[in-house]
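In TrEMBL this protein carries:
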- CYS29, CYS225, HIS250, GLU254: Zn(2+) binding site (BINDING)
- 31-41: motif ''HIGH' region' (MOTIF)
- 282-286: motif ''KMSKS' region' (MOTIF)
- LYS285: ATP binding site (BINDING)
- 371-437: domain 'Cysteinyl-tRNA synthetase class Ia DALR' (DOMAIN)
Amino acid sequence: MQLKIYNSLSGEKEIFKPILEGNVGMYVCGPTVYSNVHLGNVRTFLSFDFIYRSLTHLGYKVRYVRNITDAGHLTDDGDVNNDRFVKQTRLEKLEPMEIVQKYTVDFHKVLEMFNLLPPNIEPTATGHIVEQIELTQKLIERGFAYESNGSVYFDVLEYNRRGLNYGELSKRNIEELFANTRDLDGQGEKKNPQDFALWKKASPAHIMRWNSPWGEGFPGWHLECTAMSTKYLGETFDIHGGGMDLKFPHHECEIAQGKACNDAAPVNYWMHANMLTMNSQRMSKSTGNYILPMQLVTGENDFFEKPFHPSIVRFCFLQAHYRSVLDISNDAMLASEKGFIRLMEAMKVLHSVTPNDEKQSSFNLEEWKNKAYDALTDDFNSPVLIAHLFEAVKYIFALNDGKETISTKDLEDLKSTLNALIFDVLGLQTIEENNNEKLDQTLKVLIELRNQARKSKNFELSDQIRDRLLAEGIELKDGRDGTTYVLN
Ligand code: AMP
Ligand code: ZN
């Protein structure tokens, strides 16, 4: 079985060859923890969770690193005063690290809710300032960076003069970049507008600041990922992932930093997950076109007609390939809910299927398994994989109706394959039965038993039921219409 991965760098599906056989080093850009993650962010992290689970299931030993961006960096327009952390600290009247802690906790809670596995290493930018300063020094020593007025910039034109190719990932050429760059950041400091900051001098208003050989400042955003990925995965590693929007400039700059530092491309396979849209527009905090994960799960929003369980959201996301745009809508969620319920129903039914070793089945299990794994290894094609799961679902219902047959061996095989694909690889979870409903039914049974005890004049037992429930905080109230209960 050969795993094929679409490499954004080559623009082609390539056969995956890890650097060290059987092992995978994977780095995924993490969140900027200055506010709550929106559902769009969740889609990207979920795409890579599915990829991580798939690689592990296929037998690779994966070291999965996903960082936390917690050091203030510049926004796209390059204005230091627009630093998202600085803005948020003012707004919430909190210390920068309080903001970081608050939203890191929220991020973890949200991902746990959607059953994402934690990465093996989750390094923070503020925990790797020393490494970032060292990298900056190395880039200056190698002639790829220069200091200017307390800031340090990467010299993009020098990089190209040496035959390296800035723009290779985003397929932009240097002239194009020159024409399109607005020189707001580092005006008068940069040699060329394309140059990007490795280290920025901190203005008096900037709270997050560190000492460096160039005075007090803070690192550039692109540098943290180079520092942390090389520290934990090596100068060249297997897979680097992130959302499509990070291709340029973030990942382009990472390639340049890596090549300039180590004379080698930092990443063998670049993977980019596509965007979640709502109302056919990219979900984003800045435009206001977004929904928070919790709002979808609790139903507290104006967009969806009802709440949706996190597993259904997960299922909906996986019904689209990670490289396709997914437009989330009420209809899409309702359709996913229907599909999810049918899939889970089939899994329940499967447990009561009786095998028959006499009759021949028309369902070729081996062939079906091959097709499912072909989809998984074809650039992690989750929608095709799910379509194959539904072929199995059809077969299971036919088995249940006695219209199909299965041998003992195949039944075991089908069960374990489906369990692995549905729960381990897709990471779906069954929806627990409603606990409140269960409690209500249990109490009704106890009330009925108490009534029977009273009828047969067994007052000792009927009082015992009432008192024991009261001790648990459940009060029984006898009225004209029968007995009800109150939870205290
Ligand atoms: P940020 O915290 O802004 O760095 O974003 C975290 C991750 O979410 C990045 O990988 C982004 O590419 C990704 N992202 C942002 N918006 C969307 C969206 N609408 N759909 C999918 N991924 C997104
Ligand atoms: Zn990054």
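Here the Cβ of each residue, glycine as well, is placed from N, Cα and C on the backbone.
Remember, it's a predicted structure, so these values are computed and weren't measured experimentally.
Here the Cβ of CYS225 (Zn(2+) binding site) has 28 other Cβ atoms within 10 Å, regardless of which shown protein chain they belong to. According to DSSP, GLU254 (Zn(2+) binding site) sits within a helical segment. Taking only the Cα positions, the spacing between the residue listed as 'ATP binding site' and CYS225 (Zn(2+) binding site) is 23 angstrom. Within 10 Å of the Cβ of LYS285 (ATP binding site) there are 16 other Cβ atoms, across all protein chains.
Residue counts for the motif ''HIGH' region' (31-41) under DSSP (helix as H, G, I; strand as E, B; rest coil) come to 3 helix, 1 strand, 7 coil. Listed binding-site residues: CYS29, CYS225, LYS285. Those with a CB atom under 6 Å from ligand 2: CYS29, CYS225. With a cut-off of under 6 Å between the Cβ and any atom of ligand 1, the binding-site residues CYS29, CYS225, HIS250, GLU254, LYS285 reduce to CYS29. For GLU254 (Zn(2+) binding site), the number of other Cβ atoms no farther than 10 Å from its own Cβ, over all displayed protein chains, is 26.
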